[in-house]
Structure formats: structure tokens, C-alpha cells
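Undergrad: Straight out of Swiss-Prot:
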SIGNAL    1-29  signal peptide
DISULFID  81-199  disulfide bond
CARBOHYD  109  N-linked glycosylation site
CARBOHYD  158  N-linked glycosylation site
DISULFID  216-224  disulfide bond
């Protein structure tokens, strides 16, 4: 998978360094020793996801503080996140009962499903009057990190499959919120931005929780 990152300045450099470091998890030469052990991938992903959740929570919190207004949420029902159709365990017991491969596949589906909406969230926050520069930069950081997270999850998943099909398809839902996000109606636009901030925070937290369980299961044989 080729990553394309369109960032500039210090934030862009930090992200490029992050990607350069984390992409070492896959073989960079023909030598088997160049492949980072799966156990290390889990550790790196766990740290990356934890930090990404902090960023997502910051973006949500800042948007909520600066833009939340009863005028654009009154008489509106919070919609389901576009990833709601992806079957994921809902509690700790279900997580522990789910096979490693199935949990990884669900996490990959969630990550893939955010590639497109994150692009538009970055654009929306960057262009939003009154939004801080840091909020847009954090959203761009989340967007780049999601690509790295996806790369890592796919690497681990591929290694876990003895007879994996080439170019295996993943069943992820399409995002259909662009019209609302680009609406000329300010209330509709802000409500759409709010829901993206809310849902990315929710989904990153979910994947973060799952990777911790899998790391405990795979690396420490559930002794943690």
C-alpha cells in the first residue's frame, strides 16, 4: 500500500518521520531478518492508537467548546456513525470471545471506512471560520495516522492467515455525508462536522480498546 501525504511544515515533517519509522514493520529488503516481529507490531500499534485517540478526543473537545450551539442541534437526532453497520463486539466479554482474525478484520474495515471522510473533515476544519489552526492540524495528523494504522493492521492480518486470498476484499461501508458537510446552511454544516468529530473519536477509541486486548492475547498469552 502506497501512502500519499500532503502536509507541510513541522506537522508534516513529524508525520513523515512517524510513517518512516512505523513502516519498518514490513520487510524493507529481501532478507527475512528485515521483518519486524509481529509482537513488536502490536506494541507499536497500541502506542500509535492510544496517541491517535488523544488527538481525536482533543479535536472533538475543542469543536464542542467552540462551536456547539443549541440552535443547530435542537430537533435533530444524532445519526448513527457510518461505521455502525460493521459488526464489532460491544462489550469486553464479546471482545474476548471474538477470534483474532475476525477482530482484526473488523478493525481494518473501520479504518478503511474513514479514509474518505477524514479527507473532508480536514478540509472542513481548515476552512471553518473561527476554528483554531491546531484543530485542523490535529485532524490532518489523525488522517495520516489512520493510514499507518491501516497498514499495520493489514500486515498483522496477512501474517495471521495461512491461506489468505490475494487482494482479499474487505466489506466496509461507504460514507454518505458529503452533501451535509458541504451544505450552505450553517447549522447543517456544523452538525455534519460535529458528527464526524464525534464518530472518529468513538471509532478510534474502539480500535484502541481492541488492539490492547489482542496485544494481551497474542504477545502475553492473556497474562496481563
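The backbone N, Cα and C atoms fix where each Cβ goes, and this holds for glycine too.
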Undergrad: Give me the CA-CA distance between residue 199 (disulfide bond) and residue 109 (N-linked glycosylation site), in Å, as a whole number.
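TA: Approximately 15 Å lies between the Cα of residue 199 (disulfide bond) and that of residue 109 (N-linked glycosylation site).
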Undergrad: Which whole-number value in Å describes the distance between the Cα atoms of residue 224 (disulfide bond) and residue 158 (N-linked glycosylation site)?
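TA: For residue 224 (disulfide bond) versus residue 158 (N-linked glycosylation site), the Cα atoms are 25 Å apart.
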Undergrad: Long-range neighbours only, meaning 6 or more apart in sequence with Cβ under 8 Å: which ones does residue 216 (disulfide bond) have?
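TA: Result: 222, 223, 224.
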Undergrad: List nothing but the one residue from 81, 199, 224 whose Cβ has the fewest other Cβ atoms within 10 Å; the candidates are the disulfide-bonded residues.
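TA: Taking 81, 199, 224 as the disulfide-bonded residues, the minimal 10 Å Cβ count falls on 224.
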Undergrad: Could you check the glycosylation sites 109, 158 and say which one's CB has the fewest neighbouring CB atoms inside 10 Å?
TA: 158
Undergrad: Do you know offhand how many angstrom separate residue 81 (disulfide bond) and residue 158 (N-linked glycosylation site) by C-alpha?
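TA: Residue 81 (disulfide bond) to residue 158 (N-linked glycosylation site), Cα-Cα distance: 27 Å.
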Undergrad: In whole Å, how far does the CA atom of residue 109 (N-linked glycosylation site) lie from that of residue 158 (N-linked glycosylation site)?
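TA: On Cα coordinates alone, these residues lie 14 Å apart.
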Undergrad: Work out the three-state DSSP category of residue 81 (disulfide bond).
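TA: Where residue 81 (disulfide bond) sits, the three-state DSSP reduction gives coil.
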Undergrad: Could you tell me which three-state DSSP class residue 199 (disulfide bond) falls into?
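TA: In the DSSP reduction, residue 199 (disulfide bond) maps to helix.
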Undergrad: Let me know the DSSP-derived helix, strand or coil state of residue 224 (disulfide bond), please.
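TA: Reduced to three states, the DSSP call for residue 224 (disulfide bond) is coil.
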